[in-house]
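The feature active site, proton donor is assigned by TrEMBL to Glu75. Residues or ranges marked as substrate binding site by TrEMBL: Asn62, Gln63, Glu64, Asn65, Ala66, Ser67, Tyr68. What TrEMBL records for Cys73, Cys112, Cys115 is Zn(2+) binding site. Under the heading domain 'CMP/dCMP-type deaminase', TrEMBL lists 21-149.
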Amino acid sequence: MKEVNIETKLEVYDDISELPADVQKLLASAVEARDNAYSPYSKFNVGAALLLENDEVIIGSNQENASYPSGLCAERTAIYYAGAKYPNTKILKMAISASSQNQITDKPIPPCGACRQSIAEYEIKQDQPIEIFFTGAKGEVVKSESLVNLLPLLFDNSVL
Ligand code: THU
């Protein structure tokens, strides 16, 4: 038996104002997308904005459904949209903002496991890290230099 310890690295910013202007702008796009989420069931709005290497910003928000599992998270809505519209354009950064309609979301909300796996696919495909920034409605912003930092032991196509 051997024990394996896995370490990861994140940066935590106290406030959005500590981040570079381009990231602040991307987070503002995520907030705009968040406000257009379709979340009548959970009342939890999430917005994601991707900055592509062609300078385009692609947004997504969570889209819910009366048949609950048919809904989709903001991050996957955005990344699949980017993959469909610009299949050969690299994704540089992803900004995520989440806000409950029932309470003040004052802590950073990370992407769920399924979204992490989906983002990993694109990071591997483009062979370049995607910087990920996530936050709540206010307060701290967390930065991960790469999706891999958020999903150790990810499943990839090397075994298929
Ligand atoms: N949600 C996202 O959009 N992204 C996540 O990473 C976690 C959860 C959405 C899905 C659902 O519409 C609502 O938030 C509550 O789970």
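Every residue, even glycine, has its Cβ placed from backbone N, Cα and C.
Close to the residue listed as 'active site, proton donor', meaning Cα to Cα within 10 A, are none of the binding-site residues out of Glu64, Asn65, Ala66, Ser67, Tyr68. Note on proximity: among Cys73, Cys112, Cys115, the binding-site residues of the record, the Cα nearest Asn65 (substrate binding site) is that of Cys73.
The number of other Cβ atoms within 10 Å of the Cβ belonging to Glu64 (substrate binding site), over all protein chains shown, comes to 18. Least crowded of the binding-site residues (Ala66, Cys73, Cys112, Cys115), judged by neighbouring Cβ atoms within 10 Å of its own Cβ: Ala66.
Those residues of the chain, other than Asn62, Gln63, Glu64, Asn65, Ala66, Ser67, Tyr68, with a C-beta within 8 angstroms of the mean position of the substrate site C-beta atoms are Tyr38, Tyr41, Pro69, Ser70, Gly71, Leu72. Break the domain 'CMP/dCMP-type deaminase' (21-149) down by DSSP state and the numbers are 47 helix, 36 strand, 46 coil. Cys73 (Zn(2+) binding site) and Asn62 (substrate binding site) are 4 Å apart (CA-CA, integer value). Proximity of Tyr68 (substrate binding site) to non-local residues of its own chain (separation of 6 or more, Cβ distance below 8 Å) is seen for Tyr41, given in sequence order.
Within the same chain, no residue at least 6 positions away in sequence has its Cβ under 8 Å from that of Ser67 (substrate binding site).
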